[in-house]
Amino acid sequence: MALALLAMELARRRMNPGTHGVSMLATRQPPDERSTDWPFAFHELLELEIEDVTSRGDGVARVFPPLPPPHAEDPEALGRPSASDAAGRAPTGRSAGWVVLVPFCLPGEKVVARVRRNCKTYSVAELLEVRTASAERREPGCRFFGECGGCQYQHVDYGAQLRLKRSHAREQLRRIGGLGFLPLEELVLPTVGSPREYNYRSKLTPHYGEAGSGPTPIGFLSHGDERVMVDIPECAIAMEPINRALPAVRAAALHAAAREAKGVRRRPSGKPGSSLLLRATGDGVVTDPAEEVVEVVGALELRFKAADFFQNNPFLLPRLVEYVVAQAAGRGSRFLIDAYSGSGLFALSAAGLFEQILGVETSVAAVDCATRNAEFNGIRNVRFVAGKAESIFDVVHFASAETAMIIDPPRKGCDAAFLEQLLIFKPHRVVYVSCGPDTQARDLRALISGGYQLEQVQPFDMFPHTRHLETVACLQWRADTAPISMTTEAAMSD
């Protein structure tokens, strides 16, 4: 009865997940058609104790369901998520029980949550109340936190965020990479924090939602419900110039929506359903995706189109570049291959440390951009070529024993054909930069099984208050080391 009264009271409140916060989504979401009937009813209230946090930012609790599943194919699986579900969702190997995932929680907290969905091996609930708060809980710095899906950790002390992300990097290597036989506590270094916790993003792409019965929302997808767009008039993690420019950009987009609703086809700022662009530069804020912008990193001036990919935290980027270049230049490397070279950031930053550098990209436009950046900065020992993943080393004429390689692939990781060619060429040193620790862990498994030794992994928190993490893995070729049987070693780690 007390819990029912509590739910009624919380339904009247609109708070974000602060010290004793409540999810703003708790009163909005309808039943999920993907949900199963067991083990909990829709909106059933649960009193939970949080024991862990997943790499997606969800708190993990374990409970014993009131009844056994009606059609249990595998009773042994009760309360133990499958590998596919657990890879970034819910850690296993701890106490028995059915897993319940609750956002905006911290280990050790006692909370009240309301069930939204039952999946095959776990349930998803929304936070209603924090009854016993962690000492690491903080008030969010954004009034939209908990409703906007952009951030997951604003309720967490920043030092604790860095520790969580280091733990998540280790967990991905252990679970997805099967590398639990390695001393991961030592190999994964403490996360390098951002000089700015807020106002660090130099690029923002608000989504331009479809007009409904009310005003057209311009912002980001709702937390927990990708069918809902949350109107965001300012963003706490965007740089100040972006927030100053945002009102005018939003006004132009809303004007465009009004013209569209009246059947006027010409509009000044995109169309409903697309994304807007705001990129902060030294000269102001650019909103035209095709406009050329300049980013200064160390002694370099890099030019690229505003819509092109480029690291969005300029306050931490110099440290990331310095670390990557120093690691690549170690152990007597004379030559460097920069794969997935983009606008030339790493290759050009390393120019003074190598005799010759080759940047390879699948995009001809990116190669042209990087070549112009080399010319603009007066760098003559770096060239860029276009190549496909399956034939990238056809254009390489360096001695592999004297060649280092920087890999910075998209979030999906490296193509299998690329990894196969790398293991044939065998550069003596590999520095793997990744914004997807899960896919990086998968690829590291292939490299280590092929004869490389993992020396260290350095996480960089390029995206404070979000679940995203940049990790740099450093590997050395061991000619006298037999390839590891990953199946056997991975089994030893369980």
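Each residue's number is its place along the chain shown, starting with 1.
Using N, Cα and C of the backbone, Cβ positions are placed for all residues, glycine too.
Within the set 62-90, 207-235, 265-293, the record from TrEMBL flags 62-90 under the feature region 'Disordered'.
For the S-adenosyl-L-methionine site, TrEMBL lists Gln311, Glu361, Asp408; matching the candidates Tyr340, Tyr432 against that entry yields Tyr340. Counting other CB atoms no more than 10 Å from each candidate's CB, the binding-site residues Glu361, Asp408 peak at Glu361.
Residues near Tyr340 (S-adenosyl-L-methionine binding site) in space but far in sequence (CB under 8 A, at least 6 apart, same chain), listed by position: Val360, Glu361, Thr362, Ile407, Asp408, Pro409, Pro410.
Every protein chain shown contributes to the tally, and the Cβ of Cys435 (active site) ends up with 19 other Cβ atoms within 10 Å.
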